[in-house]
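*Asks:* Okay, here's the structure, questions in a sec.
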Amino acid sequence: MEAITHACETMPRKKSHHRKRPTYWWTQEIADLRRECQRLRRAAQRHRNGNEAETIAIEHREAKRELRREESSSKAQERK
């Protein structure tokens, strides 16, 4: 058992990978809006041929517009 332990301890350690830096304009509110937009997009795709297709598609469009608006305003604030 000592030989196995010694062999494991002499092995080189795995190096951590550096993650990308987060975008300067990303906020928790944008993350929540994006999550909601994705949820509505999936619902719109599932109900594409159903009775509620148009309603869900409109909700998705509005959520997407709100997400883009929030991203733009966040970017503008961070540039100042």
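Cβ coordinates are placed from backbone N, Cα and C, and glycine is handled just like the others.
Residues or ranges marked as compositional bias 'Basic and acidic residues' by TrEMBL: 57-80. The region 'Disordered' feature in TrEMBL is assigned to 1-21, 44-80.
Where in this structure would I find these features, and how exposed are they?
*Replies:* Long-range contacts of the compositional bias 'Basic and acidic residues' (57-80) within the same chain: residues 24-27, 29-30, 33-34, 36-37, 40-41, 43-44, each at least 6 residues beyond the stretch ends and with a Cβ under 8 Å from a Cβ of the stretch.
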*Asks:* With DSSP, how much of the region 'Disordered' (44-80) is helix, how much strand and how much coil, in residues?
*Replies:* 30 helix, 0 strand, 7 coil
